[in-house]
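Notes for the one structure printed next.
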Amino acid sequence: MDHLPIFCQLRDRDCLIVGGGDVAERKARLLLEAGARLTVNALTFIPQFTVWVNEGMLTLVEGPFDETLLDSCWLAIAATDDDTVNQRVSEAAESRRIFCNVVDAPKAASFIMPSIIDRSPLMVAVSSGGTSPVLARLLREKLESLLPQHLGQVARYAGQLRARVKKQFATMGERRRFWEKFFVNDRLAQSLANADEKAVNATTEHLFSEPLDHRGEVVLVGAGPGDAGLLTLKGLQQIQQADIVVYDRLVSDDIMNLVRRDADRVFVGKRAGYHCVPQEEINQILLREAQKGKRVVRLKGGDPFIFGRGGEELETLCHAGIPFSVVPGITAASGCSAYSGIPLTHRDYAQSVRLVTGHLKTGGELDWENLAAEKQTLVFYMGLNQAATIQEKLIAFGMEANMPVALVENGTSVKQRVVHGVLTQLGELAQQVESPALIIVGRVVALRDKLNWFSNH
């Protein structure tokens, strides 16, 4: 280990920055956020420094580097574009045993500045030891996505409750279980973010009053249409907090690789016309695991409330009194159309879009007359096996036979394939495509030749 990570208490302590440009401004912003009493020494200053002076936030000393400014300092930063000046600052600080950071010259510095994730009072610092700042920044961005913006408020509130927790729970094990419940409680986090004091108090009292071995909860999470980059931040956070993940065939391997390593995984995949696990059994799996006190994530492709039977699963939990929540996902219609260069609505061609199930039950009948109307886009989910029927019915109820159609297979993934033609070819085109696939019908499909971008990458 070349550098020891430490967190400095700089509030009301003298610090010096030498330099008045953009880099110095970024460093000054960090020190000001930490509460430092800051002096900036430079020949010239960008306008932001004048703003800070007018607000009484720092002191400017215009002119060449004056090493006597270091005499009362706790910490210094050399941030000029002159290597000679930066070296002088470093040597002067070293002679006074003052820690000094030299921008872009880690070997000349006695400390380096990490990439920072600020969820005060929670702070995360990422450093490559000065060898690869870009790598540190990329790692910071990944970690940013895992930590909710309101996490700092939750941590601060936890500090206010420490004495009460210590008083109410006698053992370390009890306290640990309480804090585990506390930090994964979405209702509390959202109430704190909304500054809803009444809801915060109610949720807090509930946490203190319920047994520590209470029943678990289920979070219904939409995984999006395939591309792992389309999983929402909240969805990612939930699957990384799960004790068990119950998932289906439409959840990609890339997304499953993001699941917490020690979480149990239960596959309940389905295919049209064949159910690996009956829906009632899935409902019972969710119920049984939650009753064991586990945090269960039901992970579904697309959005769980759009042809995902999410409502049915939650009704079972609701009847049993199991707490649940829902994290929406990008539905296949939105993701597949965007990655195919097909806008679902367009001022000239479609003023509405209709999402339709093609998985028709025996005796079921769609409102074909309205579906065949002009100026709209139709998106059929699970429609491959019914493609010939969809073609026949739409034409019979007045849709033009040459209406553009597209079938999107494995949408948004690297395996995406788009087959397109006109309505009279729909049944034939469906024979060329494998599930999972989406059928899009409407004049907007003709825009694909202009707007297709994904296949070019």
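Glycine residues also receive a Cβ, built from the backbone N, Cα and C atoms like all the rest.
Per Swiss-Prot, the features are as follows:
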- D248: active site, proton acceptor (ACT_SITE)
- K270: active site, proton donor (ACT_SITE)
- D22, V23, L43, T44: NAD(+) binding site (BINDING)
- P225, G301, G302, D303, I306, T331, A332, M382, G411: S-adenosyl-L-methionine binding site (BINDING)
- S128: phosphoserine (MOD_RES)
- 1-204: region 'Precorrin-2 dehydrogenase /sirohydrochlorin ferrochelatase' (REGION)
- 216-457: region 'Uroporphyrinogen-III C-methyltransferase' (REGION)
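Everything Swiss-Prot records as a feature, shown here on the structure.
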residue	record	Cβ contacts under 8 Å, 6 or more apart
D22	NAD(+) binding site	I46
V23	NAD(+) binding site	A79, V103
L43	NAD(+) binding site	G20, E62, G63, P64
T44	NAD(+) binding site	G20, E62
P225	S-adenosyl-L-methionine binding site	G301, G302, I330, T331, A332, S334, G335, C336, Y339, G411, T412
I306	S-adenosyl-L-methionine binding site	T331, A332, A333, L355, Y381
Listed in sequence order, residues not in D22, V23, L43, T44 with Cβ within 8 Å of the centre of the NAD(+) site Cβ atoms: G19, G20, G21, A24, E25, A42, F45, I46, A79, T80, D81
Cα-Cα distance, maximum over D22, V23, L43, T44, record's NAD(+) binders, Å: 15
S128 (phosphoserine) to D248 (active site, proton acceptor) - Cα separation in whole Å: 39
DSSP three-state assignment for D22 (NAD(+) binding site): helix
Environment of P225, G301, G302, D303, I306, T331, A332, M382, G411, the listed S-adenosyl-L-methionine site - residues of the same chain whose CB lies within 8 A of the CB centroid: G224, L250, F307, G308, G329, I330, A333, G335, C336, Y381, L438
Local backbone state of G302 (S-adenosyl-L-methionine binding site), from DSSP in three classes: strand
Mean of pLDDT values spanning the region 'Uroporphyrinogen-III C-methyltransferase' (216-457): 92
